[in-house]
Each structure stands twice: as C-alpha cells, then as structure tokens.
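Peer 1: Here it is, the structure in full.
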Amino acid sequence: MNMGLKDNKQVGKNKSFLASLFHALRGIAALLKNERNFRFHLSVAVVVIVFSFWMKIRVTEWLWILLAIFAVLIAEVINTLCESIVDLVVGKRYNELAKRTKDIAAGGVVIAVIFAVIVGLIIFLPALFN
Ligand SMILES: Nc1ncnc2c1ncn2[C@@H]1O[C@H](COP(=O)(O)OP(=O)(O)OP(=O)(O)O)[C@@H](O)[C@H]1O
C-alpha cells in the first residue's frame with residue numbers, strides 16, 4: 001500500500017483522497033475514544049433520532065432536528081480542536097489567554113446546545129400535547 005497509510009510519522013500532505021479519508025476517520029475515532037462530552041452528545045443524538053422516528057415528524061422537522069444535532073457535534077469538534085491547540089502551545093502552564101480560549105470554545109458548545117433544546121421544544125412540545 002503506497003498511500004501514506006502505513007506511515008505513522010507522516011507530516012506532509014496526503015497523497016490521495018483515500019489517505020485523506022483514512023486520516024479523517026482516525027480523527028473521528030480519536031474523538032469517540034478520548035472525548036467524553038462528544039460521546040455523550042452523540043448518545044443524546046441517537047435517542048433524539050429514535051424518538052423522532054417514533055413521533056413520525058415531518059421532513060422539515062427532520063431538517064431542523066438534524067441541523068441542531070450537527071451544530072452541537074461540530075461545536076464539540078471545534079471545542080476539542082481549541083483545547084488541543086491550546087495544550088500544544090502552552091502545555092501544562094497556567095495562562096490567562098489559554099483559559100479564555102478554552103472557556104470561549106466551551107461557550108460555543110453551550111450556545112449550540114441551547115439552539116438544539118429550543119428546536120426540540122418547538123418540534124416536540126406541541127406534538128406531545130396533541
Ligand atoms: N493552560 C491553561 N491555563 C489556564 N486555564 C486552563 C488551562 N487549561 C485549562 N484551563 C481551564 O480549565 C478548564 C478545563 O480545561 P480542559 O482542557 O481540562 O478542558 P475539558 O475539561 O476537557 O473541557 P470540556 O469539558 O469543555 O471538554 C478550561 O475551560 C479552562 O477554564
């Protein structure tokens with residue numbers, strides 16, 4: 001195999017689309033393995049999707065639910081990226097800017113979760129009361 005897939009010490013560009021995809025999938029695997037919050041949000045997403053099937057929601061409602069789910073997951077990815085980059089730069093030292101960066105990244109997740117909760121309430125509350 002000559003796609004850079006075996007080269008664990010690769011630092012240059014990926015040589016093929018398959019090699020890029022392989023590294024991207026490893027990134028997702030790392031998220032699942034190391035990030036407890038990402039796993040939690042993914043579990044909630046699965047529950048919401050099962051519940052949505054059970055409630056037989058409409059296509060437009062599915063689009064909003066999926067948008068909310070992906071907004072939270074992407075916010076979680078950005079949060080993890082910020083944490084990794086900050087740790088790479090400052091290591092274990094206390095740094096005020098590092099704190100601000102990590103707190104803002106975590107705030108982004110909270111904003112996405114608020115959006116998801118609002119979407120969920122708008123879609124499911126009326127259906128539950130009917
Ligand atoms: N180098 C640092 N300097 C100053 N404050 C820091 C530093 N690293 C972390 N912190 C503070 O500690 C908090 C937790 O940081 P950590 O990197 O452990 O994130 P985490 O617990 O994985 O967060 P999350 O639950 O959002 O994934 C940050 O939100 C920040 O307030």
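Note that the numbers count up from 1, one per residue, in the order the chain is shown.
Glycine too: its Cβ is placed from the backbone N, Cα and C atoms.
The ATP binding site annotation in TrEMBL covers Glu35, Glu83, Lys102, Asp103. According to TrEMBL, the divalent metal cation binding site annotation covers Glu35, Glu83. Here TrEMBL flags 40-57, 63-82, 103-129 as transmembrane segment. Marked as substrate binding site by TrEMBL: Glu76. Residues annotated as active site, proton acceptor in TrEMBL: Glu76.
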Peer 1: Cβ neighbours within 10 Å, counted over all protein chains: which one of the binding-site residues Glu83, Asp103 has the most?
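Peer 2: Top count of Cβ atoms within 10 Å goes to Glu83.
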Peer 1: Reduce the DSSP letter at Glu35 (ATP binding site) to three states and note it down.
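Peer 2: In the DSSP reduction, Glu35 (ATP binding site) maps to coil.
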Peer 1: Across all chains shown, how many C-beta atoms besides its own are within 10 angstroms of the C-beta of Glu35 (ATP binding site)?
Peer 2: 17
Peer 1: Tally every other Cβ atom lying within 10 Å of the Cβ atom of Glu76 (substrate binding site).
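Peer 2: Looking across every protein chain shown, the total is 24.
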Peer 1: For the ATP binding site, please report the maximum Cα-Cα distance among Glu35, Glu83, Lys102, Asp103 in Å.
Peer 2: 16
Peer 1: Round to the nearest Å and give the CA-to-CA distance linking Asp103 (ATP binding site) with the residue listed as 'substrate binding site'.
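Peer 2: Spelling it out, the Cα of Asp103 (ATP binding site) and the Cα of the residue listed as 'substrate binding site' are 13 Å apart.
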Peer 1: With an 8 Å cut-off on Cβ-Cβ distance and a minimum sequence separation of at least 6, pull the same-chain contacts of Lys102 (ATP binding site), or say none.
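Peer 2: Once residues fewer than 6 apart are set aside, Lys102 (ATP binding site) is near Cys82, Glu83, Val86.
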Peer 1: Give me the CA-CA distance between Glu35 (ATP binding site) and the residue listed as 'substrate binding site', in Å, as a whole number.
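Peer 2: One finds 9 Å between the Cα atoms of these residues.
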